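Inspection log for the structure reproduced underneath, given as structure tokens.
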Amino acid sequence: MQRPDMSVVLAGIPMRNPVMTASGTFGYGAEFADYLDLESIGAMVTKGLSLKPKAGNPTPRIVETQGGMLNAIGLQNVGIDAFIEQKLPYLKNVNTPVIANLYGNTLEEYGEVASRLDGLAGVAGIEVNISCPNVKQGGIVFGTDPGAAKEVVSLVKRNTSKPLIVKLSPNVTDVVLMAKACADAGADALSLINTLTGMAIDLDRRRPVLANVTGGLSGPAIKPVALRMVWQVAKAVKLPLIGIGGIMNGRDALEFMLAGATAIQVGTASFLDPSAAQRIAQEMEQYLVEQGIESVRSLIGALEA
Amino acid sequence: MQRPDMSVVLAGIPMRNPVMTASGTFGYGAEFADYLDLESIGAMVTKGLSLKPKAGNPTPRIVETQGGMLNAIGLQNVGIDAFIEQKLPYLKNVNTPVIANLYGNTLEEYGEVASRLDGLAGVAGIEVNISCPNVKQGGIVFGTDPGAAKEVVSLVKRNTSKPLIVKLSPNVTDVVLMAKACADAGADALSLINTLTGMAIDLDRRRPVLANVTGGLSGPAIKPVALRMVWQVAKAVKLPLIGIGGIMNGRDALEFMLAGATAIQVGTASFLDPSAAQRIAQEMEQYLVEQGIESVRSLIGALEA
Amino acid sequence: MQFKSMVISNVEVSPNYFRMRMSAPEELASAVPGQFVMLKVNDAIDPLLRRPFGLFDVGSFVPEYAGCGTQVYCEILYKVVGKGTKILSALHHGDLVDLLVPLGKGFQMGPAGEEKVLVGGGVGLAPLYYLAKELKQRGEKVRLFAGGRNRDDVLCITEFERLGVETYVATDDGTLGERGFVTQVLERHLGTGMRIFACGPTPMLNAVAKMSQKLGVPCQVSMEAYMACGVGACLGCVMKGANHSDETPDYRCVCKDGPVFDSFELQWS
Amino acid sequence: MQFKSMVISNVEVSPNYFRMRMSAPEELASAVPGQFVMLKVNDAIDPLLRRPFGLFDVGSFVPEYAGCGTQVYCEILYKVVGKGTKILSALHHGDLVDLLVPLGKGFQMGPAGEEKVLVGGGVGLAPLYYLAKELKQRGEKVRLFAGGRNRDDVLCITEFERLGVETYVATDDGTLGERGFVTQVLERHLGTGMRIFACGPTPMLNAVAKMSQKLGVPCQVSMEAYMACGVGACLGCVMKGANHSDETPDYRCVCKDGPVFDSFELQWS
Ligand SMILES: Cc1cc2nc3c(=O)[nH]c(=O)nc-3n(C[C@H](O)[C@H](O)[C@H](O)COP(=O)(O)OP(=O)(O)OC[C@H]3O[C@@H](n4cnc5c(N)ncnc54)[C@H](O)[C@@H]3O)c2cc1C
Ligand SMILES: Cc1cc2nc3c(=O)[nH]c(=O)nc-3n(C[C@H](O)[C@H](O)[C@H](O)COP(=O)(O)OP(=O)(O)OC[C@H]3O[C@@H](n4cnc5c(N)ncnc54)[C@H](O)[C@@H]3O)c2cc1C
Ligand SMILES: Cc1cc2nc3c(=O)[nH]c(=O)nc-3n(C[C@H](O)[C@H](O)[C@H](O)COP(=O)(O)O)c2cc1C
Ligand SMILES: Cc1cc2nc3c(=O)[nH]c(=O)nc-3n(C[C@H](O)[C@H](O)[C@H](O)COP(=O)(O)O)c2cc1C
Ligand code: FES
Ligand code: FES
């Protein structure tokens, strides 16, 4: 049998395979160049970018939990200008699509970051992180309110000609409602899930472990929640989906595709194994070979339920 | 030093220690009598009871996930009458408070089960599970809508003179909103969290593992989410709280108390170790001895955050 | 009972099949064949749940080393199929595991004098060995019909023969005994005055149950289900009883009402 | 580099302190003292993250058994403090672990002829041994100031002395060397023409950094932080740089910009 066809096209972005790296877990790509072939994976997503450089939260910022980890990095990043000057030139030389993950602290900031990225060569698409508090509106998180999400996505859409991926928060009663709001507002694809809000306590010191008190839960622990949400959204919304949450190996990744994802992102797994993204793509291919499946695309949404 | 005071009073129910068993994970008590001393724990919560016997879901009903498990038992139970006839007599002879967990498929059923339990000797209090779909209202889950939750709790309150605990669902955008709705409607205490909705997929068979497709995630994986919610609710609502979610040992239990819980429930841990509830109570006491803490009550809400 | 047990030995008896002997308290000597153990393979959360295994043998011996009198043990025979059994297979003498045992309802041996017909597929042979031992101790006539995909799946036949059990073997590929299903071999032998005890894959049990009902031969089957608690509390392991219907549901707990059932108690497809 | 490494030995050198030798590829011979390894203690999700340890030694030997030429190894010296190190301490010769190494920025050894002053507290001695070895190889004069709560915390002093390092010891309880803080002993010796290399608990590093700044003695400190990735990607391990303020934040990654910093790069309290 010839090698299976692993390629997918996501919202117009052609990828050699469905494996992307998740925002905030792969730096700006270069950090992992020693551990895997950046040209072996489907796409790279940058750390979340904001208009100005952002310092992030005080430390401790991370803590391990059972089967997962909490992070409260606070979206530390170099800012959009430094990204363009310092990070993008390196990435342009890598023959793998780069998705710029962006966020804002106000509605307007979202729009400005998006327009700054528009027209930039070397950025194949943008992923909008709406799991951020709106500082102007008492801190309510954009991604937990359908109205606010719609506003953000519409604004970004007006400011970009690039494929627009919206990344959904799992901390909601009805993820389908949020997905529909983003679809209506012009999203070209949806990625899910971002982290679940959690907390860890240091019993002896009687204090939260994280300086920020709460943080985002990621890793294998959240996979069942992520799979459920991808499946729910896939049934209700026609947009292509990117499955994220606790993907550690090729089988995990393929499960997300069965649930309806066109591509997947590898997050926490890259900390355990910096070559995880490449390994996962290989394991997926290997599974296809063993099962005699010709194209990975035939698995998208192929769950019998 | 003399032995620390482990007793707490929860919504008027005096308990020898803060350790309760969680609904659906401890049968009707008798199942565990060979493995622990039922009179060593704070209180027992029954499997969720409904007006009529309920068959529950087809199998498979459970599956292990990383750091947790999914269940879709479908609330199989003997029904309120059989509980009173067959299970309660045994429990009456155990000198430990019994909390009857109840649910309904319609608003009215909640009211009826509650009134059937009212005045029953041997039932120290009731815990209302509002994580159930309202079959009359297109299946929307009572516990994810503040209005519906308020209605259920008000109705149950009118039908009972027993201490009323309301068990909150974590599958919501704003657990504080739900907690306030239940408090306003007359709850005497809140327990949280119930399971997070999740899903598992059998890649080779291309089918969901659970016959019911989705199920409830419990175990260590969910502990960070549970801790966060207990802490959020404790800050906003004056009612006593019961912390639930992934508690496996005495340290876990005490962390929930720091976050604001007056008592805690042990669920999945009883499957790994049928003596878990008793062991956890012992471990908590041991910690107090080591730290020279006189009363476990001094830890409630003692987190410095 | 719940106790910490020391692994006494853990040997690969056939490719991928292990036989593990574990120390047990004296009371375990009264365990009934067909009962099972729930074993926590490590004290981590990965894997989270205990794993169920039939009792392959219960007995006692006097250890070589001083300071321990008669040591009661239990044995399991298991196939490495996933995470938990893989970890199990790496355990050594001296390692500790946490056991719940004896769980569930075992085999009812029936009146003396009948021919006792044991039918096992693959690892389903495990509980039948302890059963055969107890039956032979009572002086019963015992025949074993053992099946598997190939010779490697037909386990511990010598041990059965050493007990004085007459054995018949069939494998799907004919690498041991007859080629074909063990149920075909069984069918040729089956007659009145016999009592069947079966354990193995569901299709096999299905065939045996039907055959026995047709011939009016009493038949007990040992079932498997995905289990969490093992004590009848979680209601995860239920099976449909004979009279189950969507309207009048009738579920049985494999862990508590079983794992051994009279075949007519259950619903067969 | 990422590679599977075989545990060669894993010995308890002091109560609760272990020294573990692991096989490594040839390229590791060029690792710089002060660099560290990220080690996955098992291939389960519990514990989830890798654990960081300083390089205690790097070298090579010819194994007894045939078929392997010169075998490069690296060593770590670790204290059992929690889940991960407990699992580590149970590993044996032949077990495999997954390593990322060499990570981070190591010590800059400075010009020849200075007196090299090493200051270590408890397990902070670990990276200093490899440093001392390299410095002595260059023919430098090396003094070690080692501290700990009690004698059990003062590790491998004989090994340092065998290298020709002059050692000074202080313990909180006086069970070995002087009673008191090692920084007090250090203060008496410190003077110009020296270069400090320090590793240990933050309060100790704080005191050493301040002392060195007062005396104008160049000082490098090796820091610890809770790490997830070890490669500068997660931004979990940051520390405040010297000019950090809430308005003009200046964070440094311990894993990538460190773990060794010039003391004036960081903000001390
Ligand atoms: C009453 C009873 C007696 C059993 N006796 C034996 C025996 O004597 N020897 C033997 O080898 N096996 C026996 N089994 C099956 C054995 O429990 C499973 O093979 C084992 O739990 C698999 O664990 P794992 O972690 O290796 O596999 P996993 O990685 O968990 O899964 C591998 C496969 O095993 C199945 N499985 C996993 N857990 C269970 C479970 N708790 N119950 C049933 N199936 C499961 C899964 O569906 C999957 O297909 C028995 C099962 C039951 C219910
Ligand atoms: C660059 C660097 C070099 C180190 N070198 C050594 C060394 O040579 N020898 C040595 O014994 N230890 C060293 N440590 C500390 C060592 O990493 C921790 O002791 C170890 O990770 C604890 O793991 P655990 O699972 O046993 O503990 P856990 O059960 O995870 O926790 C026990 C305690 O250790 C702390 N801890 C846990 N994980 C980390 C982590 N990733 N980083 C820092 N602290 C942590 C926790 O806050 C907790 O207080 C180093 C740390 C760093 C950052
Ligand atoms: C340390 C860390 C930093 C993260 N930073 C971002 C970020 O900047 N923007 C974003 O959209 N998601 C961020 N995430 C979320 C991940 O992209 C991903 O959605 C999440 O971790 C779940 O996937 P996983 O379980 O595979 O890690 C971050 C996650 C981690 C662990
Ligand atoms: C098998 C199983 C059955 C359950 N049945 C019920 C139930 O009938 N009513 C209810 O309110 N909660 C039920 N729960 C939820 C638990 O009471 C508890 O809230 C949840 O498992 C989280 O706690 P844990 O992580 O300690 O298990 C069930 C949980 C499990 C695992
Ligand atoms: S395994 Fe829990 S009821 Fe049978
Ligand atoms: S540990 Fe991830 S950036 Fe340092």
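Using N, Cα and C of the backbone, Cβ positions are placed for all residues, glycine too.
Nobody curates TrEMBL annotations by hand; they come from automatic prediction.
Some features that TrEMBL has for this protein:
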DOMAIN    B:8-288  domain 'Dihydroorotate dehydrogenase catalytic'
BINDING   B:SER23, B:LYS47, B:GLY48, B:ASN101, B:ASN129, B:LYS167, B:ILE193, B:GLY219, B:GLY245, B:GLY246, B:GLY267, B:THR268  FMN binding site
BINDING   B:LYS47, B:ASN71, B:ALA72, B:ILE73, B:GLY74, B:LEU75, B:ASN129, B:ASN194, B:THR195  substrate binding site
ACT_SITE  B:CYS132  active site, nucleophile
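The structure, with features from TrEMBL marked on it.
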{"residue": "B:SER23", "record": "FMN binding site", "Cβ contacts under 8 Å, 6 or more apart": "B:VAL45, B:THR46, B:LYS47, B:GLY48, B:ASN101, B:GLU127, B:ASN129, B:LYS167, B:GLN265"}
{"residue": "B:ALA72", "record": "substrate binding site", "Cβ contacts under 8 Å, 6 or more apart": "B:ASN57, B:ARG61, B:ILE62, B:LEU210, B:ALA211, B:ASN212, B:VAL213, B:THR214, B:GLY215, B:GLY216"}
{"residue": "B:GLY74", "record": "substrate binding site", "Cβ contacts under 8 Å, 6 or more apart": "B:LYS54, B:ALA55, B:GLY56, B:ASN57, B:ARG61, B:ASN212"}
{"residue": "B:CYS132", "record": "active site, nucleophile", "Cβ contacts under 8 Å, 6 or more apart": "B:LEU75, B:TYR103, B:GLY104, B:ASN105, B:VAL141, B:PHE142, B:GLY143"}
{"residue": "B:ILE193", "record": "FMN binding site", "Cβ contacts under 8 Å, 6 or more apart": "B:LEU168, B:SER169, B:PRO170, B:VAL175, B:ILE222, B:VAL225, B:ALA226, B:MET229, B:VAL230, B:ILE244, B:GLY245"}
{"residue": "B:THR195", "record": "substrate binding site", "Cβ contacts under 8 Å, 6 or more apart": "B:ASN71, B:SER131, B:PRO170, B:GLY215, B:GLY216, B:LEU217, B:SER218, B:ILE222"}
Same-chain shell around substrate excluding B:LYS47, B:ASN71, B:ALA72, B:ILE73, B:GLY74, B:LEU75, B:ASN129, B:ASN194, B:THR195, C-beta within 8 angstroms of the CB centroid, reads B:GLY24, B:GLY48, B:GLY216
Chain-internal residues near B:GLY267 (FMN binding site), provided their CB is under 8 angstroms and they sit 6+ positions away: B:THR21, B:ALA22, B:GLY24, B:THR25, B:SER218, B:GLY219, B:ILE244, B:GLY245, B:ILE247
Students should find that the binding-site residues B:SER23, B:ILE193, B:GLY245 with a Cβ under 8 Å from chain D are none
Sort B:ASN129 (FMN binding site) into helix, strand or coil using the DSSP assignment. strand
Within 10 A of the CB of B:GLY48 (FMN binding site), the number of other CB atoms across every chain shown is 24
Other C-beta atoms within 10 angstroms of the C-beta of B:LYS47 (substrate binding site) total 24
Using a 10 Å radius around its CB, how many other CB atoms surround B:GLY245 (FMN binding site)? 31
Here the mean pLDDT of the domain 'Dihydroorotate dehydrogenase catalytic' (B:8-288) is 96
Measuring Cβ to any atom of ligand 4 with a strict under-6 Å cutoff, which of the binding-site residues B:LYS47, B:GLY48, B:ALA72, B:THR195, B:GLY267 qualify? B:LYS47, B:GLY48, B:THR195, B:GLY267
Work out the three-state DSSP category of B:GLY48 (FMN binding site). coil
